[in-house]
């Protein structure tokens with residue numbers, strides 16, 4: 001892809017995103033909700049006029065389609081095809097240790113893709129499900145005094161999707177866990193007695209024979 005094409009696509013994505021978010025930003029305001037007697041809570045969100053509720057529901061269904069249904073369907077189709085190629089396609093050649101390692105890396109990639117898709121659905125489904133019930137079946141929450149608490153909980157779960165994606169990459173694909181274990185083992189490893197010099201400890205830690213280390217120093 002050319003630089004100009006990539007720049008144009010990025011600019012187009014930003015412009016479309018801004019245009020789609022304009023109604024949401026315009027109708028977002030702060031209001032005071034009376035949950036029970038002598039108890040008020042401040043709610044910040046979209047508040048559309050009563051005579052424009054049909055427009056709000058249409059707008060929400062549009063957002064629901066392009067932000068949840070569309071990405072889930074697209075990721076499912078794309079990840080299924082990628083997973084089929086990576087998991088079932090055989091690597092040519094004899095089954096050496098290097099080839100088996102490549103197969104394990106492929107399957108780790110498949111696990112990351114499945115983890116990302118599952119996390120996206122589990123994080124955002126409660127938020128959109130709650131919003132659909134609230135907007136299309138408002139009588140369900142009329143007498144619910146914990147309405148705001150439920151809203152903020154499902155919103156926090158939805159916002160945590162980015163963190164969950166990072167955790168998936170770190171724990172499955174990267175070697176972060178392996179290096180973390182090594183650091184912890186080195187940290188808690190008991191100190192050696194004075195009979196062993198610091199040079200011996202350095203050689204044992206690096207795992208490089210003395211002759212090879214000397215050669216490396218000479219080459220430098």
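Any Cβ shown, glycine's included, is placed from N, Cα and C.
Annotations in TrEMBL come from automatic prediction, not curation.
Database features, via TrEMBL:
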- 1-169: domain 'G-protein coupled receptors family 1 profile' (DOMAIN)
- 7-27: transmembrane segment (TRANSMEM)
- 59-80: transmembrane segment (TRANSMEM)
- 110-130: transmembrane segment (TRANSMEM)
- 150-172: transmembrane segment (TRANSMEM)
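Remote same-chain residues near the transmembrane segment (7-27) are listed as 46-48, 56, 59, 63, 66 (criterion: CB distance under 8 Å, separation of at least six residues from the stretch ends). Here the transmembrane segment (150-172) has Cβ contacts under 8 Å with residues 108, 111-112, 115-116, 119-120, 123-124, 126-127, 129-130, 134, 144 of the same chain, all six or more residues outside its ends. Each residue in the domain 'G-protein coupled receptors family 1 profile' (1-169) has a pLDDT score, and their mean in this model is 85.
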